[in-house]
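Visitor: Okay, so TrEMBL annotates it like this:
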- 805-907: domain 'Small-subunit processome Utp12' (DOMAIN)
- 61-102: repeat 'WD' (REPEAT)
- 103-144: repeat 'WD' (REPEAT)
- 145-186: repeat 'WD' (REPEAT)
- 187-228: repeat 'WD' (REPEAT)
- 411-451: repeat 'WD' (REPEAT)
- 492-526: repeat 'WD' (REPEAT)
- 587-628: repeat 'WD' (REPEAT)
- 629-670: repeat 'WD' (REPEAT)
- 671-703: repeat 'WD' (REPEAT)
Amino acid sequence: MGLTKQYLRYVASAVFGLIGSQKGNIVFVTLRGEKGRYVAAPACEHVFIWDLRKGEKILILQGLKQEVTCLCPSPDGLHLAVGYEDGSIRIFSLLSGEGNVTFNGHKAAITSLKYDQLGGRLASGSKDTDVIVWDVINESGLYRLKGHKDAITQALFLREKNLLVSSGKDTMVKWWDLDTQHCFKTMVGHRTEIWGLVLVSQEKRLITGTSDSELRAWDISYLQEVEDQEEPEPKKIKGSSPRLQDTLEAEDGNLEMDEAPEDRILSCRKAGSIMREGRDRVVNLAVDKTGRILACHGTDSVLEVFCVLSKEEIQKKMDKKMKKARKKAKLNSCSGEEEDLEINVKMTLQDEIQRVANIKTSAKIKSFDLIHSPQGELKAVFLLQNNLVELYSLNPSLATPQPVRTSRITIGGHRSDVRTLSFSSDNIAVLSGAADSIKIWNRSTLQCIRTMTCEYALCSFFVPGDRQVVIGTKTGKLQLYDLASGNLLETIDAHDGALWSMSLSPDQRGFVTGGADKSVKFWDFELVKDENSTQKRLSVKQTRTLQLDEDVLCVSYSPNQKLLAVSLLDCTVKIFYVDTLKFFLSLYGHKLPVICMDISYDGALIATGSADRNVKIWGLDFGDCHKSLFAHDDSVMYLQFVPKSHLFFTAGKDRKIKQWDADKFEHIQTLEGHHQEIWCLAVSPNGDYVVSSSHDKSLRLWERTREPLILEEEREMQREAEYEESVAKEDQPAVPGETQGDSYFTGKKTIETVKAAERIMEAVELYREETAKMKEHKAICKAAGKEVPLPTNPILMAYGNISPSAYVLEVFKGIKSSELEESLLVLPFSYVPDILKLFNEFIQLGSDVELLCRCLFFLLRIHFGQITSNQMLVPVIEKLKETTISKVSQVRDVIGFNMAGLEYLKRECEAKSEVMFFADATSHLEEKKRKRKKREKLILTVT
């Protein structure tokens with residue numbers, strides 16, 4: 001069967017015109033060893049890395065479909081964790097720009113991402129109220145922490161202790177002990193949502209930002225420290241943290257029961273509040289890496305910066321206060337008894353946390369990041385509401401610090417939504433017009449070549465010759481610009497209301513405009529003498545006016561210039577003869593006004609798109625409606641035919657661009673990518689490119705490929721995509737002991753995990769078939785009395801003639817670490833006995849012990865009942881017990897030996913060059929001890 005009609009596929013080519021989108025947060029990243037020069041900004045589904053010094057985009061971290069909602073750089077500066085709208089997390093390498101690790105565990109948008117001090121674990125908080133801790137090195141989930149009743153706003157690891165603190169919109173701050181994965185303390189001292197949470201002063205103080213103008217400070221005292229100071233409170237000592245329990249058990253056999261159990265690890269008490277100047281809620285609250293600078297902002301354009309003083313500075317301050325108080329006391333009392341008055345000197349929270357300065361940005365702040373250099377300079381980068389990035393610097397050590405704006409990134413995008421787009425006749429330049437400026441872009445490099453200030457632009461076109469452009473504005477003016485110089489040549493008052501639409505005449509000598517003042521005006525180009533120079537310049541003059549009864553929304557010439565179509569506010573399209581301006585046809589049928597329309601290249605068809613979500617295709621000979629198509633789920637905003645064809649594109653407020661065939665009335669393809677309503681699009685004169693603009697501030701370029709598009713295949717792919725989405729939305733299989741929908745595991749069912757489970761099932765089936773074949777083959781050989789050739793399975797040949805059991809192991813190795821548990825969870829139990837037997841073989845051989853143990857323990861955990869009640873599996877489990885214990889202890893011995901070897905090498909290095917590479921010479925003995933303890937704990941957790 002031959003192809004009935006061949007269409008060519010359009011694909012997404014690039015996103016431009018966007019500096020940073022609103023949903024995510026901006027962060028400083030370290031690139032090429034430089035700190036404070038590069039920032040990562042969310043850009044719809046991608047992440048753009050900007051060079052603040054040059055104002056250039058140097059790297060794009062490619063996303064898939066979902067918008068970016070959260071960014072967090074790793075402590076070593078080599079990776080960037082990116083959270084998305086659908087709850088997935090990807091970790092990108094900043095060196096290569098590739099995202100190799102994906103974590104799927106949350107059901108809703110990621111709201112918070114934080115690494116621990118070493119960068120080995122990542123805590124993610126989401127709108128689905130869960131906090132999940134991920135193991136970045138093993139690329140898998142560790143555990144899910146459930147307890148909050150609303151979206152998580154922040155989750156932080158503590159440096160010294162294995163604890164995590166999280167805050168949520170449910171007004172709670174929860175403390176989690178990560179050894180037991182339980183919440184041991186909930187702070188309920190807040191009345192409104194907690195929007196920000198930071199730890200300062202060596203993690204002895206917690207500061208929270210809520211919906212009012214106070215920042216609340218809480219003092220944290222850890223109970224181990226209380227014990228070190230030998231405080232005479234035996235009750236607290238007895239109920240210390242679980243880690244000290246073993247050491248204390250010898251001294252004290254019974255634990256007193258009247259003590260609150262949550263006070264065993266730490267206790268919190270309110271230290272006071274710091275008043276902000278802003279009256280509204282805290283949007284972001286953050287502290288720099290040194291913990292010295294604290295900053296926050298509300299829904300306005302002011303960042304308030306505070307400095308957290310060190311103990312020495314506070315002491316100095318208190319001494320000064322003391323001196324003053326003594327002086328005062330001496331003056332006040334002649335007798336010289338100042339002892340009684342000294343009591344007045346008290347340390348307040350304002351003494352410990354000082355206001356430094358306010359940084360006022362040029363627009364509302366959406367997010368910010370801080371970096372405090374060793375020289376004392378503070379850099380603050382802001383992502384603003386109007387698609388702008390600004391960098392300010394400030395020296396907090398000065399008496400009156402003044403913030404200075406050092407750079408801003410503006411060229412790469414408009415401050416407001418783009419309302420009009422047009423292509424030049426050579427397909428190279430693209431014009432975009434917004435509320436305050438028009439920009440000319442080079443289509444191939446996507447660089448902005450010119451920026452010209454204008455009034456609110458609504459429609460535009462390139463004058464034939466591509467040297468000038470004409471803009472129609474909201475106030476009814478025509479603005480004529482010269483592209484070479486970027487100057488405004490002329491402004492003409494064309495209409496009394498908004499100038500909604502313009503159409504260039506096919507003979508290219510003039511154009512027609514339609515406006516909200518119920519008139520259509522005809523204009524001709526002319527050359528007039530320029531006062532400033534000897535040469536003539538381009539101008540326009542009005543020739544005729546057509547007065548109508550309703551506001552004009554759209555005008556369009558037919559290609560032979562005989563007819564003019566005018567769309568009116570009364571939901572009709574009227575067609576007039578151009579030469580006599582006599583009425584010819586009225587096209588009525590839309591229920592709401594026609595916002596956009598276009599006439600095909602041969603003048604045979606007119607397509608109209610309306611706010612009633614329909615597109616109608618009419619014949620221009622008799623004005624009959626050929627077809628009405630339900631095109632979009634919201635208003636159709638723009639419609640344009642592809643040159644020299646009867647195919648046309650429509651753009652809707654439902655965020656989609658669709659291509660249609662006006663002869664067959666077929667929907668050809670949908671271009672999805674925009675995250676907000678689409679305002680306009682432009683098709684290039686050769687039909688190879690489409691540019692669209694949207695409320696998400698991005699411009700997108702779509703390119704026609706040479707790949708043929710077959711409608712049946714397209715529909716099939718669409719159905720497959722819908723099925724894959726529905727699989728991910730199905731209920732998770734519940735594990736015994738859990739209620740449905742209450743998942744303890746960190747993963748979630750996705751199409752990838754289902755496919756991985758299918759691969760395991762196929763591999764086990766292949767193993768069963770091949771082992772049966774081998775038995776048969778042996779029997780045949782025995783009967784024949786000679787060796788008969790065995791036919792090899794093609795799959796095993798492809799893997800290099802491996803055995804069937806080795807193939808099963810290869811499949812297990814091929815599953816992504818982050819998807820392993822979920823894949824085993826959906827695996828039917830009938831495959832488990834075979835897998836357990838195979839695991840026994842593999843572990844005996846000592847191959848991939850760590851991976852196999854992980855799979856084994858997980859299977860035992862979820863199928864415990866069925867395995868223990870199955871008599872056939874008893875010997876298998878017994879054997880597994882022996883082999884696993886011996887092999888794991890072997891692996892542990894190897895790791896221990898290697899650790900000892902590395903320690904020895906380290907000592908050798910240090911002895912040779914008498915420079916302490918690994919430990920700072922100034923660090924104290926206690927710190928070393930603490931590190932050693934930590935290392936021992938780490939070895940235990942690893943093994």
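Each residue, glycine too, has its Cβ placed from N, Cα and C.
Because TrEMBL annotations are produced automatically, they should be read as predictions rather than curated entries.
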Visitor: Which range wins on Cβ pairs under 8 Å with the repeat 'WD' (61-102): 145-186, 187-228, 671-703?
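Guide: Per the Cβ count, the answer is 671-703.
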Visitor: Let's see if you can do this one: DSSP helix, strand and coil counts over the repeat 'WD' (145-186), in that order.
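Guide: Tallied per class, the repeat 'WD' (145-186) gives 0 helix, 23 strand, 19 coil.
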Visitor: Who are the long-range neighbours of the repeat 'WD' (187-228) in its own chain, taking Cβ under 8 Å and residues 6 or more past its ends?
Guide: 150, 153-154, 156, 158-161, 165-175, 236-237, 239-241, 243-244, 263-287, 291, 294, 296, 308, 349, 352-353
Visitor: DSSP on the repeat 'WD' (587-628): how many residues come out helix, how many strand, how many coil?
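Guide: Computed counts for the repeat 'WD' (587-628) are 0 helix, 23 strand, 19 coil.
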Visitor: Checking distant contacts: for the repeat 'WD' (145-186), what same-chain residues at least six beyond its ends satisfy Cβ-Cβ under 8 A?
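Guide: Here the qualifying positions are 108, 111-112, 114-117, 121, 123-133, 192-199, 203, 206, 208, 210, 222, 242-243, 261-262, 264-266, 268, 742, 930.
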Visitor: Do you know the DSSP helix, strand and coil residue counts for the repeat 'WD' (629-670)?
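Guide: So the repeat 'WD' (629-670) is made up of 0 helix, 25 strand, 17 coil.
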Visitor: By a Cβ-Cβ criterion of under 8 Å, what residues six or more beyond either terminus of the repeat 'WD' (671-703) are in contact with it?
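Guide: Sequence-remote neighbours of the repeat 'WD' (671-703) are 10-18, 21, 43-45, 65, 67, 387, 413-414, 417-423, 425-427, 430, 432, 441, 443, 446, 634, 637-638, 640-645, 649, 651-659.
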Visitor: Mind checking how the repeat 'WD' (187-228) divides into helix, strand and coil residues in DSSP?
Guide: 6 helix, 20 strand, 16 coil
